[in-house]
Amino acid sequence: MKPLISRIGAATLASAMSVSLLAACSSGDDGDGVTLRYFWWGSDARHAYTQEILERFEELHPDINVEPEFTSWDDYWNKLSTSAAAQDLPDVMQVVDPLMYPYIENGQLLDLNTVADAAHLERYSESTLSLSTVDDGVYAVPGGVSGFSVAIAPEAFAEAGVEIPDESTWDWDDYIETAAAISAANPDMAGSDIPMFSQVATVWLRQHGENWWSPDGSDLAFTPETLAGYWDWVIRLRDSGGTPSVETMVEAHGAGSSAAQSLLALHKVAMNPALATNQLGELEETSGGAAQLMIYPGESDAQVTGSFVKPGLFYAASAATEHPEEAAMLLDFLNSAEAIELQKFDRGVPVDPAVVEAVSGDLTETELAVADYNARVTALGPEPLPIPNANAGGAMDELYDRINIDVLFDRLTPEEAAQQFYDGLKAEL
Amino acid sequence: MTKTGRRMSAAARQEERAAWMLMAPWFLGVVAVTLGPLLASLYLSFTDYNLLSAPEWVGLENYAEMLRDTRLHKALAVTATYTFVSVPLMLAVALALAMLLNRGIKGLAFYRSVYYLPSLLGGSVAVGVLWRQVFGIEGLVNQFLGLFGIEGPGWIANPDTALISLILLHVWTFGSSMVIFLAGLRQIPEHLYEAAALDGASKREQFRHVTVPMLTPIIFFNMVLGIINSFQTFTQAFVVSGGTGGPSDSTLLYSLYLYSEAFGRLHMGYASAMAWLLVVIVGVLTAINFYFSKRWVFYSDGN
């Protein structure tokens, strides 16, 4: 319960706001106000500050009541799909590619063009909306720009007496050599994780001028040969002695994908080739030491930039919401300076430069490092990521996971694996 | 069984009424809770349904798709291996312990409860998490092997050994079969053993020629239940593999694949068809079991 004083204060504040806004709030309602349900996934820290954000929103809009619903990533999509089946989607929800596309394709999400004013769509550049724009409809707004990077522990490099490579010149062989040198110098630590997810392969394909998907997501846009080249590199990394054993990697991989559980956080490796940059804070908190974000190797030799930044998550509204205007207002508020003050960069770097500017005064070094990494990647001029195929996009992670492990255990050669992956994904289109 | 129908005595009629009354809660439950979803899933199995839009009738397409789905075939192979290895092992362990406990040791009730405990816990998430630790690279199993200088694999991380840890988890839940065996052993009349002993039968011969034949109905019952249960195993594989059936599909039990198709890929129509295939498989296996039971199951009441 909010104290009475703040309710009165909020009410005064609200009445000072634009009349049209208030009229919108109460449209079609019996005067008791509007109740919105907002559903998100995340860590406990995110659950806590998001509820504070919602309280601020309610203070600004006393006639809107927001019911928080939250869970872990693992449970989120099951709950969302079953509530969609029961025609009981929350009014506002957190979504992400590629899992959001079936929802868009099946008309479950509101086209935000219909509430463009309340959602303040003009705040978002075309490029930040590209992944959530389908057939001219805008179905979600980005919650923050994130991406993946090579995260390293400078302390571990110093301990091993290995120089940190120059990110503007290093190539994929340098990566292997660096990893092997650290393993050789420090018996208690391996140089690098073996990449278990597809992000590093994404960078590799892009550096070769390819992508998983064609620009509109209707077809595949990579060749098995290029992918086989990537898995070949993975095998060379594995055999260099610069990584933990394959079994250690699979075990860690099965335990969860959060930064806090990563081998880098546990001081077992010095380099993590696929850290989600918005998890840098969590990583540093768990490991108790600073980490540094590096651009992927090979960029200086590549004709096309492989590294990328992209929205790490989006906010969407249900097509069936009874209160589209209010839902849009909440979407807008989640990306406001008032919200980001509490949230910082936990959902990525805010897409609105004015908001970043507004909170720049109290950013930590970690947050500045993330923003700086994004700026360095953007300076390389990466092409935007294509939209994943609505059907096959959801199959990719599971297929990649399985075939990647077959490669690591020598059950498939890189060539066989690449062909199987290509055929498997093609069959899902 | 009474076959005389109408000519029941008043007492028998009263007994029948009582039977219906006692079964009523179960029937109510079936009709109110189970029947609806059951029929719905049968309907959905003939549709293309992704939870996000209305189901579309596709006839037998989902069933035809099963013939082509190599991952489904993999899941069937994994589940069959899991079942046909773990069920006999579990029955053997359960019978051995039941025989041991039946020797009239002190504190039987205590031991019975202790050995029954894993049956209650084995399907829980907590035990699945524990199993991950126990069979981890630095887990208890490998620490134990280390005492003998053996370096064990990452049991759960290696596709060649991951299913073994799941099978052991299943065998560990032998308790309920054991309790039923124990009850069965108690039912064997002592005079049979006495007669056998008089004829000069050794303990081993007594086991072969008295205990096993007299227990066959119980073995049969435990086996049928064991096969049905193990085809439906879900939680253990879900928790131990982190929900993926991995590494590399080595622990992809049938129900785990069904779940991931339904809620991961939103192929609810296909998953419904898979559920009905499971019904058919379990039904056929049970029918086969009953057919062959005539040859080896011995009922001492002469039926």
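Note that Cβ sites are derived from N, Cα and C of the backbone, with glycine treated the same way.
So that you can see what the record holds, here are the features copied from TrEMBL:
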type	residues	note
TRANSMEM	B:20-46	transmembrane segment
TRANSMEM	B:75-101	transmembrane segment
DOMAIN	B:76-289	domain 'ABC transmembrane type-1'
TRANSMEM	B:113-131	transmembrane segment
TRANSMEM	B:162-185	transmembrane segment
TRANSMEM	B:212-231	transmembrane segment
TRANSMEM	B:273-292	transmembrane segment
For the transmembrane segment (B:113-131), I need the partner stretch with the highest count of C-beta pairs below 8 angstroms, choosing only from B:75-101, B:162-185, B:212-231, B:273-292. B:162-185
Could you tell me what the rest of the chain brings near the transmembrane segment (B:273-292), counting residues at least six beyond its ends with Cβ under 8 Å? 41-42, 45-46, 62-63, 65-66, 72, 220, 223-224, 227-228, 231-232, 254-255, 257-258, 261
Can you work out which residues elsewhere in the same chain, 6+ from the ends of the transmembrane segment (B:212-231), have a Cβ less than 8 Å from its Cβ atoms? 79, 82-83, 86-87, 90-91, 94-95, 170, 177, 180-181, 183-185, 187-188, 192, 254-255, 278, 281-282, 285-286, 289-290, 293, 296-300
